[in-house]
């Protein structure tokens, strides 16, 4: 049985429909990538699962429980942590305080605590006392990932973590993923950077205009199929 | 020597104004809410303490201690039931709702306690004073000022040293991301208003024991509190304390020159600071 | 066949309303010929409160400037009218203009200070200014200091038009003054509503509505928000000052506490606008009628009356932020003062 599953997920921003019946499954321990161009609905999908968008219809099931109508803080307490698009560090909090916020509600014993997060991203330990916003983009992204890990989540939702970062920085951040997977967390990675996504994912969903247009294992998908699903067949 | 005395009395009076202001500063800092009923809530708490003193025969400090959790609960409920509904990008609804609350509170007090002015009896403390060299300082004003420092320290501790304070600051920065961390903004705001009402109760204790009050006393306290917050810089607790002291000193110095100028001098000091430092003396780095 | 388009703001309801308004205006002008003195005084009260409410609505409902210090302009305008009559022998009717101009002049430094305060703090900033003006005026010994003063007898007798009314209606001088101030209040209210309606339909007025709905978007299409704020604030001060002068001219007596009363000139006005419906011209009209009805019904209950009023204001803000007019208009789609331009297609 899937750990996380959406079926027929539909979402609106006011009158604008952003998702049209999206089906997604995530098995225990699996990493799934959701790729697609800007505006394909990837972030909306993440925000709907996390409960930030309340105008979502359809089903979201986590560990056998319907969570579609829950508030974001309740969903988080169940063990779904989000690395939001744009990193979203709290500017009035130091790096360490930002990390501690991750475990504010969900205090579960597990592999992740301050020391192990510092172990994963040693630079953060050096900068623990600085305001989060004083860090470089890549370091901020590490804080944002570390913050989500602090709750020892069962599902980690990573929204556009490579956006706006230099390739070498992106490589450094993705280098941490195997260690995150080792701890047993299931991961959804939303990416525009197809190369990175294909490298870490067990399965890939490609989205366009609010719909999933292609799904499969990375090795099964041809470049042409991905290209068509990403930009539309006519392009 | 008269001027040293005047300034010292002003500093101590500033402690009272800081107590008025700290609750306002806290609530504004966390949820950008300006509570126009703040002054009336102080007066309400003063009546609550007065009732406990007269009905149960308690001392004012014990009565205030009992009033603290009651006021915390009222603040919590007020935020939960009313104010959380009107928070948002539009500043109009919270302003109008708290303005309405101010009018309701004033008139409820008027109905319950009449327009007569009252005072919380504090026994020998009312007149006790300490000689400091050639100057004599009242014990109550001294206690007020020490309480203001104590409240500032306590709020500072909550804000920067506890997980609740961390949640306050995170929610103030970005409520949506805070909710992704498992914070319930509605509940954080309710706790903040509860704490603000605890400060309000402490302010009410000193307001009521040091001078007469009546149901219409509130709005003027709101204005002093507001001036102290702005002078200090929005969201800065030590700044708020400094702002209270500036208003207090301006008032006693003004009164020394001409008794009719006391209140006016405080307002003029506020306008002068606004002219020179529109963001206050200790502005936050970002907003 | 090509379709033709025309742009209109008129609606059927607005045309009927316009016709009804003309009839109503004619009746209102003629009221002193038939009505009792107490009815005239009630109508004077309604009209002046309506004027204050329209200006506050312009400020807060359209301009986003939530002022709780409008009593500064009511009081200062009224005091200048009294001061002008007492010190310089200005005819009180002409003194109304003086009241407006004085309020306008006061609004310049007020805006200078208050606009430095963001959002909600602007509200209390205006209140501080009102307090400063009240305390300063209380030091002005020529107009009675803290206790206030009455309008001198010769100034009252000199009011333009009062003598004519006294003869034409065959009434006592005090009653003639009530009729005169009633007509002035009627003229002021009509000019205010007409003026605001006209303004909102101009390009600038539409820009103001855009500003209220979205500051960022309005700025991106070239609306200068800072300048609009100044214009609205100064205009509202001018009108509020005239209304203040008129209220105390009719009253005949003034004191700092009554002239700068935050309850009378700001709280009541806010409740009228909120209960009626903020951000519409119809709202304050409906609101002032509800307010007057409540006052008539509950005036004997003192503090309870104000509690009911405050609670009603809170309830409206929580459950029907558009006010009574918003509810009515939302149900029926009726607009008496349409502002939006609509595109009509003719085939």
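Just so it is clear, glycine is given a Cβ too, placed from its N, Cα and C backbone atoms.
Copied over from TrEMBL:
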- B:12-34: transmembrane segment (TRANSMEM)
- B:41-71: transmembrane segment (TRANSMEM)
- B:91-110: transmembrane segment (TRANSMEM)
- B:139-159: transmembrane segment (TRANSMEM)
- B:188-207: transmembrane segment (TRANSMEM)
- B:228-249: transmembrane segment (TRANSMEM)
- B:261-277: transmembrane segment (TRANSMEM)
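Tertiary neighbourhood of the transmembrane segment (B:12-34): same-chain residues 42, 83, 87, 91, 94-95, 98, 137-138, 141-142, 144-149, 151-152, 155, 168-169, 171-172, 188-189, 192-193, 195-197, 199-200, 202-203, 206-207, 210, 221-222, 224-229, 232, 234-237, 240-241, 243-249, 251-252, selected by CB-CB distance under 8 Å and a gap of 6+ residues from either end. The largest share of C-beta pairs under 8 angstroms with the transmembrane segment (B:228-249) comes from B:261-277, of the ranges B:41-71, B:188-207, B:261-277. Counting Cβ pairs under 8 Å to the transmembrane segment (B:188-207), the stretch among B:41-71, B:139-159, B:261-277 with the most such contacts is B:41-71. Sequence-distant contacts of the transmembrane segment (B:139-159), counting only residues of its own chain at least 6 positions beyond either end whose CB sits under 8 Å from a CB of the stretch, comprise 9, 11-16, 18-19, 22, 26, 122, 125-126, 128-130, 165, 168-169, 195, 199, 202, 206, 209-210, 237-238, 240-241, 244.
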